[in-house]
Each structure stands twice: as structure tokens, then as C-alpha cells.
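These notes are about the structure you will find just below.
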Ligand code: DMJ
């Protein structure tokens, strides 16, 4: 019913545009997608399919067939377009078997390839998909590419090679690994910035939240998606977690475990909403951890879930802030005005979903239901769902954006959390960082896509 409300309003007021402004009831365009259109449609396809919203899925598919156009003069974010558009199309293909989605995914993948034309093969952040000219964000440490951006292409590009028969996609992402493995890492940690020309790290800022997050997620999931054959991905993941535990994970005096940020050896005792995904990641990776560490990784996941729940519970709206701190006498609370917003992000609910599936402790469903009630009370408006500017205030100030990841992630993870475990079971699927399910490529199964059909 929440999905229907979000979708119907998008359809009514912003059909074919990237996102919806639910208060002003018009389209919202973000420069992340250049002038590629229809982000909400492509991001929502698999959610519609899983929720058996057949009519809506059909209208979304028709739109993709007739209108989704990559022959545009657009400078796009390679990361955002990959996780939302390539990921969304791949999942829609694997779930429905409809050829149009495979075709569009491969076509878009080919458009992204010029991003890798750098001296090291570490891709640019931004790419003009008509001219093939790339560049980096002007604010990123001396022209660096960003770890969470170039490190979050692996799953989709492996599938693009699998579905197209063209090895080039997988080669590009395997080369990223090669470059990373040649470099010395400070204390075993990965800085968020890497210069694609010199192949050297930029500023030594390490984060498991924004700028770093999904790089770690994709190491683990690359191993899982390979049916546990990708030993390199596995080693990189567990080594990284070891360094994160030693240098970044701390416990507050009130007993809350959190993941700090690291700046040239100094800790900033701040955790982003984005970082909350790590609870689910630790729990998902528990099984593959050295045998004496399995229980410990589940426990770490549970502790992060609890801390992130506290960050919600300590607000007036029971929705979590963008970032919360553990210093100056506070714990799990945002202290800066510009960190008090909530933009319909999924990470806390995502972690509840993993913890529920892996432990079946009913508290995760209770916590998720608290979030549903808060979303309904504070974010639901006539024209859809909106983010909130200050979750500590008693009165809503809406930001007037219905993010496409609300449909692809937040609502999908909620649906899965309240469904039986046999919908998209972990033995067969991994979720990309935008919650798009991709099938595990089983060892014995050379042509997974044929089976899916
Ligand atoms: C999404 O696009 C993805 O989850 C990404 O990994 C992080 N940011 C948003 C959601 O918060």
C-alpha cells in the first residue's frame, strides 16, 4: 500500500521524469543522471515485480521499451547510473526474463566503458555518455576518484559480461582490484580517494559511510555472487574488516558500538546513516569468517543494528538523522543542524532485514514497524513521501523529494522483512547497493539467465 502510494503519485505528477516532488507535485531532476530520464521507473521495476503489482510493472516496462534513451548528450555519475539504472535493468531482466531489460542494460554498460580510459584504468566519477569524456568531482582530493564509486561497479559489470558474452566489463573491474592490491594501505585501511592518473592515494580519509561504504559491501558480495569462488574478493573483505575493527570500531561509555571515521590517524567519533548498512554486511559475512569469528561477526551486526535503532529512538520523529555523534557528552545524536535531516534512506531498515533473516529475533520486525509508523506519520503526504529537514523537531519541514531509492530499497527491504525467507533467498541472490537482486552465478551453471527464463 505504501508502494502504491509512492508509485501512483510519481505516475500522476512526474511520469517519465527522474523523481517526484511530493509537496509541489511535479518532477524533480538531479544532475546525477544528466538528462537520462525515468530513474524512479527503472529503480522501482523489481520492487513492483516482487510485490506482484503486475499492471504497474507492465506500464513501467512499456515506458522502458518506448522511452528509455541513452543516446543523449549527458554528463552523468558513473556510480549512480550503474547502481540504479544498470542494476535496476539487470534485476528486472533476471526476475521477468524480458529481453528488453537485458538489451538496455548491456547498451548502457557499453556507454559507461569510456569512463575507464584513464592511465590506471580507475574510472572517472563523471562521464559524458555522448562524447565519452570523463572527469572527477572538483571537490575530491586533488582530482581523485572515490573508493565507494569505482568500488561499486563489480557486481553489475560481472553480470554484464555474463549476459553479453563480452569479457570487457569484467576485465575493467578486475583491473580495479589489481591496482588496489598493488598499493600500500595505511594500517590496512583503504583511503576514500585514489588518483586515477598517478595511481596514488589522495587524502587519508577512511569511512565506512559515505565515500567508502559500498566498496566493502561489494568485496563480500562479489565473493558470494561467485558461489564463493572469488577468493581474492573474500580475502580483501575479511582483511578490511579486521583493520576496521582494530582502528575504527569503538564502544561508547553508554555501551553503544559505533564505527568512527579516520582522518590521517585521528578518529572523528561520528557515524553516518549510510554507515548503518554495515550491520547487515557484517552479519551477511559472518558465515565466511574464520570459524572462531562467525559468532563475533553476527554479534557485531547486532550491535550496529542496536546503535542505529538508538539513533532513531533518540529523535522526536523516531526517524534517524543523516549523521550522529559520540562526543561532547552525547551518544547517537546529531549535534549539528546540517546533520539532522532524513531523506528516506534505507540503511537502517536494510540492516534490520539482514538481522531478521539471519537471526529471526522478533525485535528486528518491531524496530522496522516503528520505522513504518514514523514514515507514515511524518513522511507520507498527499503527493507521495517526502524527506524531513529536522528529525528532532516536533513539526515536519518537508524537503519535497521522493528519492528513487525509497521505492527500490526502503520499501523493498520492508516488504522482504515482513515476508517469508523464501522470497529472494540468500542462497540464490545478492542485492546490489541499490537493493537490486542479482543471481548468484552457481559453479555448475554456465547459463544462469537461461534457467531464470
Ligand atoms: C542509495 O543510492 C544506495 O544505497 C547507495 O549505496 C547509498 N545511497 C543511497 C541510499 O541512501
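Keep in mind that glycine also has a Cβ here, set from the backbone N, Cα and C atoms.
As written in TrEMBL, here are the features:
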ACT_SITE  80  active site, proton donor
ACT_SITE  213  active site
ACT_SITE  322  active site, proton donor
ACT_SITE  347  active site
BINDING   433  Ca(2+) binding site
DISULFID  276-308  disulfide bond
- Cβ under 6 Å from ligand 1: qualifying recorded positions of 80, 276, 308, 322: none
- Query: Which of the recorded positions 213, 347, 433 has its Cα nearest to the Cα of residue 276 (disulfide bond)?
  - Reply: 347
- How big is the gap, in Å, between the Cα of residue 433 (Ca(2+) binding site) and that of residue 213 (active site), rounded to a whole number? 9
- Message: Rounded to a whole angstrom, what is the C-alpha distance between residue 308 (disulfide bond) and residue 322 (active site, proton donor)?
- Response: 11
- residue 80 (active site, proton donor) to residue 213 (active site): how many Å between their Cα atoms? 14
- Query: Roughly how many Å separate the Cα of residue 213 (active site) from that of residue 347 (active site), to the nearest whole number?
  - Reply: 11
- Message: Within its own chain, what residues at least 6 apart in sequence put their Cβ under 8 Å from the Cβ of residue 347 (active site), listed in sequence order?
- Response: 273, 274, 275, 276, 277, 308
- Message: Applying a 10 Å Cβ distance cut-off over all chains shown, what neighbour count does residue 276 (disulfide bond) have?
- Response: 30
- Item | Neighbour count (Cβ, 10 Å) for residue 213 (active site) | 25
- Proximal but sequence-remote residues of the same chain as residue 322 (active site, proton donor) (Cβ under 8 Å, at least 6 apart): 272, 273, 334, 339, 340, 341, 342, 343
